[in-house]
Amino acid sequence: MRSPSLARLQTRAVFGLTRSARFQPQTLLRQRCASTAAFRSAAVAPAYQSKLGQWDQRRNASAAASAVLEAAKVNPDGLSQTAIIDNLDPVEAARLDKCRNIGIAAHIDSGKTTCTERVLFYTGRIKAIHEVRGRDSVGAKMDSMDLEREKGITIQSAATFCDWVKKDKEGVEQKYHLNLIDTPGHIDFTIEVERALRVLDGAVMILCAVSGVQSQTITVDRQMRRYNVPRISFVNKMDRMGANPFKAVDQINNKLKMPAAAVQVPIGAEDEFEGVVDLIRMKALYNVGGSGEEIMEKDEIPEKVKAIAEERRTMLIETLADVDDEIAEIFLEELTPSEDQIRAAIRRATIGLKFTPVFMGSALANKSVQPMLDGVIDYLPNPAEVENLALDQKREEASVKLVPYNSLPFVGLAFKLEESNFGQLTYIRVYQGTLRKGANVFNARNSKKVKVPRIVRMHSNDMEEVSEIGAGEICAVFGIECASGDTFTDGTLGYSMSSMFVPEPVVSLSIKPKQSKDGANFSKAMARFQREDPTFRVSYDSESDQTIISGMGELHLDIYVERMRREYRVDCETGQPQVAYRETIGNRVEFDHLLKKQSGGPGEFARVMGYMEPTGALEENKFEQQVIGGSISEKFLYACEKGFNLSCEKGPLIGHKVLGTRMVINDGATHMTDSSEMSFKNATQQAFRKAFAESQPSVLEPLMKTVVTAPTEFQGDVIGLLNKRNATINDTETGVDEFTVHADCSLNGMFGFSSNLRAATQGKGEYTMEFSHYEKAPPHMQKELIAKYVKAQADRHKK
């Protein structure tokens, strides 16, 4: 009778914990949460299984999970990831331990898609390797769009999944499940990187062995930091002339300010690149087979790299000592850490965002990709090790920690939308609970209930149907109408998750279909592209009667115009690209404006007093009311704010948005019958225009952080091109056979630069542009823009 009695006591203890969790002091709660691990240990013992059975085990695990969920609500900061992992159901713990959600990100042409193609081949996901640009009429698996294969660039992030078999330290093979997203490298498609990193647990940052850290590498680093994504680094293209992996390591340390150290050294370089030396185990690794399918290990390290291997191993330990306490103690005691201690330290420091281990290889030459995959398993976190927070709308958006238990209420984030032959495809990351086919889920943004008709795992443009997806996984769902960034729950929780960062567009152009019969397809395409891409905006200019599209650059908009032609068979006419200028106030100006129209019928009366001034930085506009004594009622002040916001949408100078302007209303007057919300809104707009004109306002133009790379023999020509565009050159780096120029350029002066650069460098130069900041436009340009706008307004009034 002892076992049943023990079982009853354990069950009562667990349920007692659940009922009383919200009333317990946090220290005691954590102790009790931890205590459920012992109950689960008993649950898998044979004697316990025979008495309770499978149902009781699930009930106990569910109770433990509920207690942790309650702790996640009450005090998310006090609930550690360790406590969450300790209370996982054993089956779930094993599943999550073998799962990695990773992305591959880098500067354009660093070899991301080529590397992903090898990963898919070595994991058995594809049967043959195909190259970027579709040279063999097939193209890389992850570049599924024809445009991607033709241009040799990734335009959309692509998701896939695969299994990687890795031997543990006892030599036993362990299978790991990878959810993998390949991202674009071009700055125009940066939103694809943003939304991928928003939902991933780790990343592989790829660098070119020749160029090292480049402009988009810095952008990717900033995005990884924004979402707290740990990364390992892979120095690719070791077979290229001028390859110098240690320059890349130094640049990660110095340019990215991220502690980094090589965990491998190359055996040879350029056309003599043979393999790598594993600095942790001090073994030489070579790829063998027609496509490098097998890794051959040798205990003997080639003499030519022995010295540098010893030196770099010492540097690895020294760098780890700076970021990990355990290694620091060993280092100070002048002891040598073991292999396991080094691996554990790298893992702790990498997951803690303090360090990145650097691997080396050549994806195109099929060398050293598999050791990088081992690094993904060894050093990047599983879903249970990553802290994810949501906002509880029922408790004034208080932060709550999400717990990756399948038995808990479902919470997921829609991070990407895509049109397919079967309708809208919504990519979802499941953070908590289970998403099941046929289940009802609720959109936290609009509280709409939708049914999940079909769940698939994506493999680029192919898909495999599944019945359910557990916590920590990524999937795609058909038949759900939503927007990118929407949170879905099972309806019992009022949770919503913060969305990804969406940069503002910098380039616009007018567009219309060449034939009026294509209007329906044109509208359908515009609606779809906006839904899929938050950086692609569509607006209608009533004054010019034109549809305006806005995006991150010329290439961004060109791609959508071409997609419209290919996917919807709509040929379009486009205007010249237009720069997204801004306007800003000059000096502080006080105003006292009276709007008075009283002519027998219902009149208008509103008096507003106050001042306008710069905010001190070119940032968001601010409206404040400092009215004392109730001279203007709350509803009229709300109308004043509305009038201010409308005025900022279209400035008086050239009709562009206003930045960095603050309006304060501190007094005014109303009329008993003639004052209305409309009159105060109009009065505020009139006061805004008058005060803005008196403040010596300015037109602002966007400056672009521009990086140009070309062979050294064209350096003079490239500098000349930039000088013609009044660029401010900030830095120049000269390498063995190429140079890089960093400059700030006016976006207005960069239209057509791509063609000029190709002509000046015989097609060998490349450049990237990224929005930097707004700055006052030159006086002559301001006069031209204002005169052009005034003339256009006058011409419209004549009509």
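Including glycine, each Cβ sits where the backbone N, Cα and C put it.
Under the heading transit peptide, Swiss-Prot lists 1-33, citing sequence analysis as support.
Taken from Swiss-Prot, the feature domain 'tr-type G' applies to 97-384.
In sequence order, ALA209, PRO245, PRO266, ALA269, GLU270, PHE273, MET360, GLY361, SER362, ALA365, LYS367, SER368 constitute the residues six or more apart from MET238 (GTP binding site) in its chain with CB-CB distances below 8 Å. If you look up Swiss-Prot, you'll see 106-113, 182-186, 236-239 marked as GTP binding site.
All protein chains shown were included, and the count of other CB atoms within 10 Å of the CB of LYS112 (GTP binding site) stands at 28. Confidence for the domain 'tr-type G' (97-384), expressed as mean pLDDT, is 88.
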